[in-house]
Amino acid sequence: MEQITVLGAGSWGTALAIVLADNGHNVKLWGHRADLIKEINETRKNEKYLPGVELPNNVVGFSSLEESVVGAHTMVLAVPTKAIRDVLRDLSKMIQESITIVHVSKGIEPDTLLRISEIIEEEMPSHLLRDVVVLSGPSHAEEVSKRHITTVTSSSKNMAAAEYIQDLFNNQHFRVYTNPDIIGVEIGGALKNIIALAAGITDGLGYGDNAKAALITRGLAEIARLGSKMGGNPLTFSGLTGIGDLIVTCTSVHSRNWRAGNLLGKGQKLEEVLENMGMVVEGVRTTKAGAQLAHKYDVKMPITEALNDVLFNGKSPKVAVDTLMARGKTHEMEDLVNIMENR
Ligand SMILES: NC(=O)C1=CN([C@@H]2O[C@H](COP(=O)(O)OP(=O)(O)OC[C@H]3O[C@@H](n4cnc5c(N)ncnc54)[C@H](OP(=O)(O)O)[C@@H]3O)[C@@H](O)[C@H]2O)C=CC1
Ligand SMILES: O=C(CO)COP(=O)(O)O
């Protein structure tokens, strides 16, 4: 059994701490708010992020980052993407030996357009970083924490590291696959949040299941077009971290991205929506990054661009949908076929 540190005591960090604890590991769960950590240690609950869920005794909360990392050579990074650089900078000052970082965040950094594994490689001194692994897939924390059946994918440039993480997390409720395509896995996991926001918007506007199916399918087409051009394997997008995560995020009330989109579709302003959500809505930043990536790689991403106009350029959701539907006619598969032929 191992000593593992989970960095980030929100919904996902806490749910993954439960999975690891169920597998017999000793888990140190670090959160930057002392009151939340006190609640976790005194009540075995994290009511804000996972109401009603009891934490196993082998999950111990820490509000000191320094104390939380003692004795661990594997760390799960489960903070929102905008906090990752700060946490890594602090972390690198507190460890002496090299570690494996498993990141579970779904986003792309605007402007730098870096994937999370690239940010980790940039921020961590190379002598302190053994491997970077991403664990991603259709997995709402609310269900994982209740031990409902879930499947995810472990991916790394080093397959031995991906398999090590597969072994660490895999259990009867939480089945872990491996995939060597870290680019495809990270792009699928990040960009599905854009489509989930859009699916929430069409639901909020009162459109039905046909619109939802259209968004999931055409959303997948634009994610695969971009991801393939960035070097991802086109097949990855038909896997758990592609279509799998699109389905679960676009169709579930658990999804914060879907819920935020739904409120936008009903007429609320973005600032108001984010203020009331109380949890991270990764798709907002990632939409900005997605539109920048579409431009950089010269790939058509009409849904991403339409959402970018709604979020940042004041376009109304209804006008954005109308504009999408009024675009010139096109072939369903042509762009992806061209990209694959030119690889
Ligand atoms: N929830 C889910 O089902 C899943 C989430 N993910 C991904 O996991 C990542 C984390 O999301 P999730 O746990 O859901 O988010 P939550 O909003 O539930 O929790 C985020 C946690 O990170 C903390 N935090 C914020 N900023 C910092 C910082 N600078 N330093 C340290 N801690 C910080 C928050 O603290 P505070 O209380 O102060 O805000 C909060 O405890 C996201 O990228 C998300 O896409 C992936 C799969 C499933
Ligand atoms: O990534 C998730 C499920 O796989 C969680 O999605 P949200 O961040 O939209 O809640």
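Just so you know, glycine gets a Cβ as well, placed from its N, Cα and C.
From the candidate list Lys106, Lys229, Lys315, Lys318, the residue TrEMBL records in the NADPH site shared with Ser11, Trp12, His32, Arg33, Tyr49, Ala141, Arg256, Val280, Glu282 is Lys106. Going by what TrEMBL states, the sn-glycerol 3-phosphate site holds Lys106, Gly137, Ser139, Asp245, Ser255, Arg256, Asn257, and the candidate of Lys45, Lys48, Lys192 recorded there is Lys192.
For Val280 (NADPH binding site) paired with Gly137 (sn-glycerol 3-phosphate binding site), the C-alpha to C-alpha distance reads 17 Å.
Put simply, Asp245 (sn-glycerol 3-phosphate binding site) is 28 Å from His32 (NADPH binding site) when counted between their Cα atoms. Across the fold, the C-alpha of Gly137 (sn-glycerol 3-phosphate binding site) and the C-alpha of Ser11 (NADPH binding site) stand 15 Å from each other. With all protein chains in the displayed structure included, the most crowded Cβ environment within 10 Å among the binding-site residues Ser11, Tyr49, Gly137, Arg256, Val280 is that of Gly137. Secondary structure of the domain 'Glycerol-3-phosphate dehydrogenase NAD-dependent C-terminal' (181-321), assigned with DSSP and counted as helix (H, G, I), strand (E, B) and coil, comes to 111 helix, 0 strand, 30 coil.
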